[in-house]
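In what follows, a single structure is set out as structure tokens and then discussed.
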Amino acid sequence: MRLRLAGAVLLAAAAYYVYLPLPSGVSEPWKLMLLDALFRSFMRASDAAHSLGVCHRVRLLNRVVSWVEVIEARSSPTVKVTDSTLGGVPTRVFQPNGDSRLRRGVIYFHGGGWALGSAKMRSYDLLCRKMAEDLDAVIMSVEYRLAPEAVFPDQYHDAVVASRAFLSAELLQQYDIDPERLCVSGDSAGGNLAAAVAQELSLDDSLQVKFKAQALIYPVLQALDFHTPSYQQNQAVPILYRPYMARFWLQYLGADSSLEPVLLANNHSALDQRAISAATRSKLNWTALLPAERKKNFKPVVEEKGSPGVVGAVPGLIDVRAAPLLAEQEVLGKTPKAYVMTCEFDVLRDDGLMYGRRLQDAGVEVTSDHYEDGFHGCMVFANLPMMSSVGQRSMRNYIRWLDQNL
């Protein structure tokens, strides 16, 4: 009897910890709750270790990720998988087996807030393996450096260096890749790097080979407004809570973590911040860039007076290499045709929607793929043990777009 009572109490406690009120439209809410409970547990453990001086919170999280998710490069009957380098940057290569004919090529940057994740994670290995099989394409997944050991612009430089090597005649010949059918892609922070790479290399007239397409999966693209409608609507929706995103930005930009409440209050982008011009503000003016169904009844949060000197202390906040949404229209107009995936229950939804709109205004062909039941990170949860239905749908549609446009 006592064992049953103890079991009931533990079960109730577990259910209380796991349960989280979620919007009614989110896909398979109980799966998301379980995923969030696991992620929250890791985050709290890492915060405790950080507070006690054991190690940096990100290092502990990455150790857990490595232990749970990182797998060796294993080839299959259909795909040869090897660990190599691109311009000196570690990269996992997925190359279809078969006759040596020219194939499409995709360079991919994983997500994780510029601080977590790996190209060697099981979820990304499975994604890239499926892309190689379904597209009969060579996929190169880049293992760029991570915070806190590396901060901006290190991750960006790794992405650019790897992409330049990917576009080189020597590599294209080595892997039998068609120079006319190349794509740069990534999810979340990796989508940020992919967008920044697409901008940078589109301006380089010395390159004989350019990307034909850019495919951005729920990308993070700006850090000046943490009160867009999607940030307001989804601030408490897992797995990417609004404070987590501010923390990731500060880690990426090598800034003091004490600035987190400043960013969350939009004090860093107050109207008295002279470093932020009216032209810069217009590039993320969601009242003009978002459709009515996304703006809903949300109101802009623009402070008259903020915390002085934040942008001066953290110049990456307005650096287009870190925040691609802030790029000039002439730059955007030179980038390749784009695919932009967004999810309704994601704080980053409006980053992607605004970027798609700005690309279109610049004359770029854009496919906007929005998931009304999607949440941040859903596409990499298309396989067991999570196997989210929206993850499977989004992965299929992403690969289908690549197949039809590359």
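Along the chain as shown, residues are numbered 1 onward.
A Cβ is built for glycine as well, from the same backbone N, Cα and C atoms used for every other residue.
Feature annotations, reproduced from TrEMBL:
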type     : residues : note
DOMAIN   : 106-264  : domain 'Alpha/beta hydrolase fold-3'
ACT_SITE : S188     : active site
DOMAIN   : 319-379  : domain 'Alpha/beta hydrolase fold-3'
ACT_SITE : D346     : active site
ACT_SITE : H376     : active site
Taken over the domain 'Alpha/beta hydrolase fold-3' (106-264), the predicted model's pLDDT averages 97
What does the structure give for the C-alpha distance between S188 (active site) and D346 (active site)? Integer Å is fine. 11
Looking only at the domain 'Alpha/beta hydrolase fold-3' (319-379), what are its DSSP counts of helix, strand and coil residues? 22 helix, 19 strand, 20 coil
Over all shown protein chains, what is the count of other CB atoms within 10 A of the CB belonging to S188 (active site)? 29
